[in-house]
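Record features, source TrEMBL:
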- Cys112, Cys114, Cys140, Asp142: Zn(2+) binding site (BINDING)
- 9-327: domain 'Glutamyl/glutaminyl-tRNA synthetase class Ib catalytic' (DOMAIN)
- 367-497: domain 'Aminoacyl-tRNA synthetase class I anticodon-binding' (DOMAIN)
- 15-25: motif ''HIGH' region' (MOTIF)
- 258-262: motif ''KMSKS' region' (MOTIF)
Amino acid sequence: MSSTEARPVRVRFAPSPTGKLHVGGARTAIYNWAFARANHGTFILRIDDTDPTRSTEENTQIILRAMKWLGLDWDEGPEVGGDFGPYWQTERLDIYRKAAERLVADGRAYYCFCTPEKLAADKKAAQERHDPFQGYQRTCRDIDPAEAQRRVDAGEPHTIRIKVPLDRGDVVVRDAVHGDVTFEANTLDDFIIFRSDGTPTYNFATVVDDSMMGITHVIRGDDHLSNTPRQIMVYEALGAPTPTFAHISMILGPDGKKLSKRHGATSVEEYRDAGYDSDAFVNYLALLGWALDGDTTIVPRDVLAKSFSLDHVSKNPATFDLKKLDWINGQYLQAMTDQEFARTQLVPQLVSAGLESAADAEAAYAAKPAWFDLLASVLKPRTTLAPQVVEKSRFLYWGEDVQFDEKSVNKNLAKDGARGYLEAARDALAALDADGWNAAAIDAALEPLPDALGTNKRKFYGAVRVAECGNQVSPPLGESLELLGRDVALARLERALPLAK
Ligand code: GLU
């Protein structure tokens, strides 16, 4: 059996909680999720935690959090349950044991009593005689089953090996990304499916799960391509249909080597903490090896979920390009309304930087939505990554006590005439009442002053800006003053007078 096309699509993402969710794993998760959504299928999250020394509950939680941040909702798995659970491999050990014992009973697997010393000696001998078959020498394959059972019952250490049919021939993996990949028969031996310590091997547990969970398409990193012929042997032994495989390419760093810590941030969390928008991040990762068409770079989540297909997945390695990620992030920010930008980018940053003291971003926003919307409208066009808003907003939180940048003061305030500029600005602005205090009115009040004072705009606005904001890098003046409010803006001009000449 190999045709799975007619079965409803069921795919899984099966991370091992031996570390955080890395960008490569996240991309695998995105492809599985998008494939399920595009085919009205089911997306399953399974925790492959059979390596007890390296799997931790903490890592599982980190992975679940990362999946949620990425917006990859799963239909079956931790927290949501489902009809094919449990979804943690450590809770399925009995299932694996029974499946292995059934294979032994059916004559498709057998107990092996070879000691490590014996295996090493056999291997050495095969090497020395240049045997084209270097695998397990099938020593225990023909032990009489009743005899083998007696030895097992007597407590003799043993493993369980799969019995690969001697006439099986080459194994062809029909891969949706790589095409047909042939593995020669003599590279396949009767490999271990159950260790002597009573734990299943990865190739066995995965296939037991994938077949019992009705997985139709296995989409995963191509580091697993070499495991696939063995897994196909397990499907065949179980008499289960083989899923369609799709092995996706590695992600490389800019130097052409496999993406790793050396290249910078590799975990999803680090990108979240750096302030990337999760939709933009998903869009970027989706494009690492998949394309909607030749050149579309902005593929929103809903389009991805409708259009993803395996035949647009490239088998060539993809290069992680931080500049492109930043660019896409900027595009997502620009596409937001001011209000969206305020709620999802600006306010959370101001809260986490401690500038806003409310308990959370929602509470902070609720306290002064119009103020944040206005700030968002001036900062959004100047922002490609959320945390950039913090430095640009800081001047709004000083009250009357401006933190002056010395260079800016020397260049703009400590200049002949500056005092006159500040006084003129103060008088013009003081004429506006609190109700009329808005960017347009402020700009209109200041506009005639440079000419009237016989100076140029650069000098005039430079002095006022430094008096109000402490430096020259703040957002446009009218909006900045509107955001500061009338009282603070006037008080700051007054306080800056002694610095001006
Ligand atoms: N737990 C395996 C991994 O994280 C899953 C591999 C697979 O998808 O079969 O590499």
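Every residue, even glycine, has its Cβ placed from backbone N, Cα and C.
Predicted, not measured: the structure shown is a model, and the values here were computed from it.
Overlay of TrEMBL feature records on the structure.
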| residue | record | CB count, 10 Å |
| --- | --- | --- |
| Cys112 | Zn(2+) binding site | 23 |
| Cys114 | Zn(2+) binding site | 18 |
| Cys140 | Zn(2+) binding site | 19 |
| Asp142 | Zn(2+) binding site | 9 |
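Other than the site residues Cys112, Cys114, Cys140, Asp142, same-chain residues with C-beta atoms no more than 8 angstroms from the centre of those residues' C-beta atoms, the Zn(2+) site, are Tyr110, Tyr111, Phe113, Arg138, Thr139, Arg141, Ile143, Arg161. In the three-state DSSP classification, Cys112 (Zn(2+) binding site) falls within a strand. Under the DSSP three-state reduction, Asp142 (Zn(2+) binding site) is assigned to coil, being neither helix nor strand.
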